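Pulled from Swiss-Prot, these are the features on record:
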type	residues	note
REGION	69-102	region 'Disordered'
REGION	181-507	region 'Disordered'
COMPBIAS	181-198	compositional bias 'Polar residues'
COMPBIAS	252-261	compositional bias 'Polar residues'
COMPBIAS	489-505	compositional bias 'Basic residues'
DOMAIN	606-778	domain 'tr-type G'
REGION	615-622	region 'G1'
BINDING	615-622, 665-669, 719-722	GTP binding site
REGION	640-644	region 'G2'
REGION	665-668	region 'G3'
REGION	719-722	region 'G4'
Amino acid sequence: MTISDKIRIYELSRDLNLENKDILDAAQKLSISVKSHSSSISAEEAKKIKNLINKKNSDKKILSINKPSIKKDNFKQNKSPSISSKKETPLKDNSNKKPLLIKPLNKPESVKIISNQLQNSNKPNIVNTSQSRANLTNTNINSKTSQNLNQDKKTFENNITPPIKSPAKPPIQLIAKPKNINNNVKSNESSQNISSAGDNRRLSNKPDQNTNKPKTKNYDSKIKTPELVGAPIRREDPKINPNKQNNKQNIAFKQTGSNRIGSPNRPGMPNNRPGLRNKPSDQGRPGSFNRQGNPNRPGMPNNRPGLRNKPSDQGRHGSFNRQGNPNRPGMPNNRPGSKFNGQNSSGIRKPVSPNELLQLQKNNNSEKDNKDKNNNAKQNINGPNQKAKAPNMRPNATPSSKKPPHRAFSNSSKKPGKTDWDDSAKLEALRSKNPQKQRQKVHIIGENDDSLTSETSGYSGEKISILSASLARPKKEKSEETKSQKSIKQFKKKKKETTRQRQKRRAMELKAAKEAKQVRPEMIIVPEDNLTVQELADKLSLESSEIIKSLFFKGITATVTQSLDLATIETVAEEFGVPVLQDDIQEAAEKTVDMIESDDIDNLIRRPPVITVMGHVDHGKTSLLDSIRESRVASGEAGGITQHIGAYQVEFEHESQKKKLTFLDTPGHEAFTAMRARGTKVTDVAVLVVAADDGCRPQTLEAISHARAAKVPIVVAINKIDKEGASPDRVKQELSEKDLIAEDWGGDTVMVPVSAIKKQNIDKLLEMILLVSEVEDLQANPDRFAKGTVIEAHLDKAKGPVATLLVQNGTLKSGDVLAAGSVLGKIRAMVDEHGNRIKEAGPSFPVEALGFSEVPTAGDEFEVYPDEKAGRAIVGERATDARATKLAQQMASRRVSLSSLSTQANDGELKELNLILKADVQGSVEAILGSLEQLPKNEVQVRVLFSAPGEITETDIDLAAASGSVIIGFNTSLASGAKRAADANDVDIREYEVIYKLLEDIQLAMEGLLEPDLVEESLGQAEVRATFSVGKGAIAGCYIQTGKLQRNCSLRVIRSEKVIFEGNLDSLKRAKDDVKEVNTGFECGVGCDKFSSWIEGDVIEAFKFVTKKRTLSQ
């Protein structure tokens, strides 16, 4: 098909005079793929769309025929006869018919009125299409109606109850009671409406006899399935009583149950409207629609107590039941201009339609309820003196001047035939094709409708009691339903709140019980040096509110999701008694690389065990190792503490055989955590040294966690048993709380009490170490390239980069090319712990190696490669990763948070202390950097611009001079020319040998950058005992009670315990002489330039401001 055969959507909409969305909707229903109004479709598809739209237009034409046939012009014409009939009716007839108020059923005139009405109503004057449609059934219905009317007259006269037959003396008390009066008025109305109601019901139950239209069956089939619910209607039993007399008697009572008049017969409309109920134009045609809430079911009487049938809407041609205003059976449509209204006006003034009563019309179509209501109605028909129930009483209401268009019309100036009815009819017709369940609409009648006056109710000139609208509405049903709904809502709401509160209480109880049962963890691990408040609370088994409260008291405002740095985490954890371990340190303690490979299995031999000595500082680790080595290493260490990892190999004779043991001595100071972790990473057996007089300390617990992370056995050496106050059992008790139970207590942990100074039980300790190592079955393959770990590394000014290596597998030889991390090296020389040069080193042998291109990182694994090319390729990849990691660390260190920015904005520019750090070995650099991170940084920030192992060079001096930094040297020396360059550039160089002193000086330097605080210092107190006027001012004669007064000091005047003045003391005299100060017990004169209102009894407090040095803790 060519493009010329294509048609666009907007062209088709223009041809059909429709909107684009209508065409798109039609295309969607026909499953034609279109996207927008500019989409193209084929001519065949366009034809399908046109057919569908033409079909819809044909349905709309049917709806336009079914509109209300009475137009405004016709309505005006129909209105005049009712007015004329009203005027022509003589008022004197009311006096003759006044007894009808009490017993209207006994008067035959009521039947005559009905017959006259029916005769007069046989003069139709229907306009437009309603006439042609009414003629279809009028011929059949009129004959049937006349027969039924004659039968109704006879039946009505024969079935009048005897108590109603006394017309002479109407009881006066019934006039005063609104219920009986209304009941009588209803009975009078029933005499006028009985024939139309009865015939209407009978004809509606026999649609096939009255019309030959096949659409009536369609209506019956549609109505016989009452799926929908509607307004509460008091109906009779759905089975019509074959005894028509009793049936009519019931109908008469039900119609007299409220002050309603029958359906008005408008002039020009046929009176036999009951026959028009089954017309296909209204009930059977596709365009008609009965509201979902109230279907007219055949066989079900539409006469509820107190409500008349409404034949006007059922029989009117072209009428339809709008959803907002359904045709409810028994609801009259009192339209102005009705001929019947003219008849009624001759005897009784027309009461207003009960549609306007204030009530909620709700659904009640159960047959059981209808039977109960009908039985109540039959009991009420026994006589007019019997009281009727309140729900059946319908008072006359004043018609409101303005009513919603969906209500029934009363005798007011409101005209029917609103245009919005036509639109709703089209909507309902479309919905009737695809019926679906619709939400029931409840409409509330206007509040003005329940105002009752004597002008609209009862006989003319007669006083009548007014019934309140609250009594007229169906109390029982409405109140019970509303009350039940409210009670259910209240119950549900109360239940929901109670459940929430109960769940909250249970959760709190569970948490309290959990906290009571939980024990604080031995140690927490901090991943990546930060944790959120919630994560820290979970690790500490605490509520997050406890962490936030602890931080608040420290001056830190935090939320649950805020991240905390390592220093803050350690501070909070220490408050709750839990030590902190960094995650990278934990990972450093784990053995990540398996030194034994599958190719080594055939050549494995036993190797010496590697033993790491660990414990708290000053617990005697190095002294114990000295006793084993029979040397004096500890005495030669700075400050008497170990600040390096020492690697030693010892020969020990066991069972007539010489055994080699390799010992690693780790620092016990808290700053050397990373060193301890590296020690456990390469160890085979961990020796935990605990002082018998000190017990378990934080570093002891940390060492235990390292050993467990490395999954190595632990041998406990309880040292210093020779000291006073030593208690080995107390140490065992504390260790048992950490799941280290001694063998003599039934556990599996070897514990040996020793004395390093007196060398007690040293041999026993070595035997236990060998026994444990034999159980581990330690093996290695010496016939391969060496693999191992860098224990320590430093830069020697004479030798260059030097690394302490521990060979774990294979044999390391001079001249081997090795890669340690991202550093490539070729072994030039190897030295053992005694300083002797060796050619090769086997498994478990520690050596110092020279020949690296730069200082390797302590803790890295090294491996020997066959040639330099292979090693360089590996090093290049590792160097790239190392640079990325270093850059990420630098970016993290420069990270600025909003809190730090706000601090700088409030307190001015943040002060910084720039440092350049040089140390002897890499481990010392790590320890110092870790300690600096833990210093308070609220007001002073420490920035380490450069840190490396090695001596201080001129390059370091130049960098310090350019950045204003201080150079920190730790166990290192100055290169040649560095001292002269430092003096020339005025660079401060500080050298330290002990880490304690280094950290103290840095903290003092940070405090020196803080501005001092001004603190008030009290000088003395004096009392005013006399006042003297001098010129414009006044002098206070004072007596010094305590301290002294100084000239130009600050003072405050206190009167009646309130400060009334604060300023400077400008004049101080003793007798007539000016003095600088006056001490306690003397009198003096005090004068202030800005204060002269002295009164005897005033107290003068003298003080001055002094500066106080601030500390970082503040």
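In case you wondered, yes, glycine gets a Cβ from its N, Cα and C as well.
Known features from Swiss-Prot, placed on the structure.
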residue : record           : Cβ neighbours (10 Å)
Gly615  : GTP binding site : 28
Asp618  : GTP binding site : 16
Lys621  : GTP binding site : 29
Ile721  : GTP binding site : 19
According to DSSP, does Ile721 (GTP binding site) sit in a helix, a strand, or coil?
coil
Taking DSSP states H, G and I as helix and E and B as strand, how many residues of the region 'G1' (615-622) are helix, strand and coil?
2 helix, 1 strand, 5 coil
Predicted model, mean pLDDT over the region 'G3' (665-668)
62
